[in-house]
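Swiss-Prot has this to say about the protein:
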type	residues	note
SIGNAL	1-28	signal peptide
DISULFID	Cys94-Cys121	disulfide bond
CARBOHYD	Asn134	N-linked glycosylation site
ACT_SITE	Ser226	active site, acyl-ester intermediate
DISULFID	Cys280-Cys291	disulfide bond
CARBOHYD	Asn281	N-linked glycosylation site
ACT_SITE	Glu345	active site, charge relay system
CARBOHYD	Asn363	N-linked glycosylation site
ACT_SITE	His454	active site, charge relay system
CARBOHYD	Asn524	N-linked glycosylation site
Amino acid sequence: MSGDWVRPGQALIWVIWIFGAIIEGSVTEEPHRYTKLGWVQGKQATVLGRLEPVNVFLGIPFAAPPLGPLRFSKPQPPIPWDNLREATAYPNLCFQNLEWLFIYQNLLKVSYPILGMSEDCLYLNIYAPCHANNGSSLPVMVWIPGGGFETGSASIFDGSALAVYEDVLVVTIQYRLGIFGFFTTQNQHAPGNWAFWDQLAALLWVRENIKYFGGNPDSVTIFGNSAGAISISSLILSPLSADLFHRAIMQSGVAIIPSLKSSDNDLKHDLQVVANVCDCNVSDSKALLKCLREKSSLELMSLSQKAKSFTRVVDGSFFSEEPLELLSQKTLKIVPSIIGVNNQECGYILPVRDTPEILLGSNESTALTLIHTLLHIPTQHLYIVTKEYFHGKHSPTDIRDTLLDLFGDVFFVVPGLVTARYHRDSGGPVYFYEFQHRPHCFQNSRPAFVKADHTDEIRFVFGGPFLKGDVVMFEEATEEEKLLSRKMMKYWANFARSGDPNGADLPPWPVYDENEQYLELDVNISTGRRLKDQRVEFWTDTLPLILSASKALLSPTFSLILLSLLSPVLLSAAS
């Protein structure tokens, strides 16, 4: 993943392009930039409210295509080129089930460009103010997209508005998804975590090349939502990420979120499923890997529907131990961080996919059945959850709202707050937020009870109201929402510049210290203190202690929840 990739035969061509670029100046409709692999030609775009255009470079390779023998392998250095490379077309999507990408497009009221799909997908896009050039040394913000590690793309996000309004470079990256990104034989033949290795390769490319686009390689902030935020939280815990980034923003996702780890039994079962398809002995990893590398992309996609337990693993390299253990041992990269959640993470997008029936309303019996099924809390102990969450709740809508809040607490809010405490106690400055605004564009398309749902903050961070290109992120934004978007872009960019989101003309954002103050992001921004403190205590203290005292047999999934959330209590008691 390292080394000098310059080819001597390129020298004369580069001299010509350098001379041409000097004559042409930094502001041009066809910006040219040097990289260690060869020259690239981008294009320019504009955003609403700004005269200055933004330079856009699409589809720059940061690794060799992971095809053939490189499938289920660590990413290799990209292949250099001799001629000027056009970087004006969107790269292919990484292989994924397109059905949900299209469904999300409708549910989120966004529009994406037409994109191809291929395993040859390890590319990144760059958005830079047109004045940015070698020596500008602007802050760099690298977006790692989400999508449950199953869907997503660099090209469904447009960094133009954030770049030109805040004078930063925005880079959006791609990484392998699903079985392509996480298949493992649980040994040295295919240790797994390919998606995380892809992210490391992209960050290495940024470190070695971003200065030629006007970015500062010593001021790189990684930010992302959902699976992207989980990736960032994971990169913070990996020893391999040293010097690749300097600040981190985690939007609705951290590495200790329950359900990220599959049980050993599930992995063994799915390996056997794969072996049966390949007509191989499951113990013959080399033969199994050879068979899988000969399968078509579509065959692997079909196989992934039968074998869904391939997720992140402790491989002894990217992860030396489980994320919770690394956090508790303070084995993490100490960087300034922003961690945040939305005030109804499981309000609509997530349940409409997995449990749409509860959106119409629920009774207590149905709610408890879902809790038992999804969280594996023993039936005899569901009364504890009933007392905490459903006391005094009788109407179907009240029970539904409470149930959705419970799932949001378990999967996003409590893990986020627990992670923030670990980061704080490890010595890194932490800022926490709760996004609370329901976007106006959903006025007629979402149920009225839905507040700020999962991913709703993204359109504000990217300046969605000001975009006018192929990616439409926020039509029908109100004037108040445009102002909120400006403020959020400013907070995020200030943090990318200095590690502190505060700045002139912005409501103060307190650091997340022992007082646990946080920012409430809405059209009227305010601060709060000890977000959902009672719920955090319930999931990290009350319920685990009762279950432990009763010696209840816990499922692997729920054991992970309890371990993830109880450890801060146990550690503080031991200290």
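Any Cβ shown, glycine's included, is placed from N, Cα and C.
If you draw a 10 Å sphere around the CB of Cys291 (disulfide bond), it holds 16 other CB atoms from the protein chains shown.
For Asn134 (N-linked glycosylation site), the number of other Cβ atoms no farther than 10 Å from its own Cβ, over all displayed protein chains, is 14. Put simply, Ser226 is the one of the active-site residues Ser226, Glu345, His454 whose Cα lies nearest to the Cα of Cys94 (disulfide bond). Cα separation, Asn134 (N-linked glycosylation site) to Glu345 (active site, charge relay system), rounded: 41 Å.
Distance from the CA of His454 (active site, charge relay system) to the CA of Cys280 (disulfide bond) is 41 Å. For the recorded site, Cys94 (disulfide bond), the DSSP three-state label reads coil.
Only Glu345, from the recorded positions Asn281, Glu345, Asn363, place their Cα within 10 Å of the Cα belonging to His454 (active site, charge relay system). The Cβ of Asn363 (N-linked glycosylation site) lies under 8 Å from the Cβ of Pro396, Ile399, each on the same chain and at least six residues away in sequence. Looking only at Cα atoms, Asn281 (N-linked glycosylation site) sits nearest to Cys121 among the recorded positions Cys121, Ser226, Glu345, Asn524. Cα of Asn524 (N-linked glycosylation site) to Cα of Glu345 (active site, charge relay system): a span of 20 Å.
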